[in-house]
Amino acid sequence: MKTRTEKDTFGPIEVPEQHLWGAQTQRSLHFFAISTEKMPVPLVAAMARLKRAAAKVNAELGELDPQVADAIMRAADEVIAGKWPDEFPLSVWQTGSGTQSNMNMNEVLANRASELLGGERGEGRKVHPNDHVNRGQSSNDTFPTAMHVAAAVEVEHRVLPALKALRGTLAAKSAAFYDIVKIGRTHLQDATPLTLGQEISGYVAQLDLAEQQIRATLAGLHQLAIGGTAVGTGLNAHPQFSAKVSAELAHDTGSAFVSAPNKFQALASHEALLFAHGALKTLAAGLMKIANDVRWLASGPRSGLGEISIPENEPGSSIMPGKVNPTQCEAVTMLAAQVMGNDVAINVGGASGNFELNVFKPLVIHNFLQSVRLLADGMVSFDKHCAAGIEPNRERITELVERSLMLVTALNPHIGYDKAAQIAKKAHKENLSLKEAALALGHLTEAQFAEWVVPGDMTNARR
């Protein structure tokens, strides 16, 4: 393997010739060969967007030669476009400030910008990773800025559209099934009737609440740490740098980014990400509930509830011929569990900052972005391959309604709770219908039973 010599303050080190990274990235590869988790692609893109904005603003403020700034911006555009995916190989499990990943970006952009200016990589390059690409910045403010940019963009462009689409599918099902009377269930036991549409409307409302909660967290994610530099004082950054870079990122992404009002907090803690992930966890809890309900309602086909049918997507067993399983529901419940686990890790990371810097940043953003991707992809998959194909099994629904003892609840206002309970117990013990038990006990007439026990009427009682 051909190499070239790169240098940092620790001295020279050999770097693979074909790669754009430099000395600090190479040292990180050596000292942090830990597991397989790499810095998330959305974070890399966010860091490139930040470096592009910083170069542009530094040039406007007279802090950077315009030609150098232009080359850095062009190099950053290539990274944003996904041209150099193999140049960002560092593990999540590195320094807690993300310094190595900040320098990875600085080195790649410096070497590539040098090439764009007709120069070379390495010692003779025309663009310096620290003096030019990182000008007016510290890893301590760039990394948390990239965290917020990546988190906000991914939530806005992945999670919310997927949530909206699934919500629309379920709302359409709720409207289509609104007149189908079915038996309700509480404590996994029979309860009074409702309609299938009413039941699904509860799922729609859960998703509406989740969307409201997620949107409420975006204002915090839009506040950026850039300009705080090392400890929040803004040392070595132009006084206008923070506001201008934030405005440039807002223009670039379409998100409402602004300079954080207190840079000390922005470097030392991550409440905005904890708050936002809490909303994602709430969405995960709702999705787990919905998916569990769907697979219970579709259980069978002959020995379960069987009130609905869901798409049959693939064989379900390697030994039982013809078996089909609710696999989309299972995938959603698993990913929801992972998001809940991620929330614990993010909470620990967010609570573990000391003095002027939180040093769990890679952990926090790795888990956050994994949750975003899981939820977004999971909702798209569940919507397309399960929810869109939900259909009612009307005969089975009617059968279960007619067999339910809890229809007796409609008699409470007419004969009282105690007599109604006697009817239900007699029917259950002697395997009678409610009507047969009621007439045998003499608590009401056949005409009264027909008038008072109407499942459809019970779904709209006292509304």
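Counting begins at 1 with the first residue displayed.
Quick reminder: no glycine exception, Cβ is built from N, Cα and C everywhere.
The shown structure was predicted, so the numbers you read here are calculated from the model rather than taken from an experiment.
Under the heading substrate binding site, Swiss-Prot lists 97-99, Arg125, 128-131, 138-140, Thr186, Ser318, 323-325, citing sequence analysis as support. Look at Swiss-Prot and you will find 121-134 tagged as compositional bias 'Basic and acidic residues'. Among the features that Swiss-Prot reports, active site, proton donor/acceptor is placed at His187. Under the heading active site, Swiss-Prot lists Ser317. As annotated by Swiss-Prot, site 'Important for catalytic activity' applies to Glu330, with the evidence given as sequence analysis.
Feature annotations (Swiss-Prot) mapped to structure.
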| residue | record | contacts (Cβ under 8 Å, 6+ apart) |
| --- | --- | --- |
| Thr99 | substrate binding site | Ser139, Phe143 |
| His128 | substrate binding site | Ala110 |
| Asn130 | substrate binding site | Asn106 |
| Ser138 | substrate binding site | Gly228, Thr229, Ala230 |
| Asn140 | substrate binding site | Ser97, Ala225, Gly228, Thr229, Ala230, Val231, Leu267, Glu356, Leu357 |
| His187 | active site, proton donor/acceptor | none |
| Ser317 | active site | Lys323, Asn325 |
| Ser318 | substrate binding site | none |
| Val324 | substrate binding site | Glu312, Asn313, Glu314, Pro315, Gly316 |
| Glu330 | site 'Important for catalytic activity' | Ala291, Arg295 |
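Following the DSSP three-state reduction, the secondary structure of Ser138 (substrate binding site) is coil.
If you look at the compositional bias 'Basic and acidic residues' (121-134), the same-chain residues 6 or more away from its ends with a CB under 8 A from one of its CBs are 4-7, 15, 20, 22, 51, 54-55, 64, 68, 71-72, 102-103, 105-107, 109-111, 113-115, 142. When secondary structure is read from DSSP and collapsed to three states, His128 (substrate binding site) falls in the coil class.
In three-state terms derived from DSSP, Val324 (substrate binding site) belongs to neither a helical nor a strand segment and is classed as coil. Here the Cβ of Ser97 (substrate binding site) has 21 other Cβ atoms within 10 Å, regardless of which shown protein chain they belong to. Secondary structure at His187 (active site, proton donor/acceptor), taken from DSSP and collapsed to helix, strand or coil, is coil.
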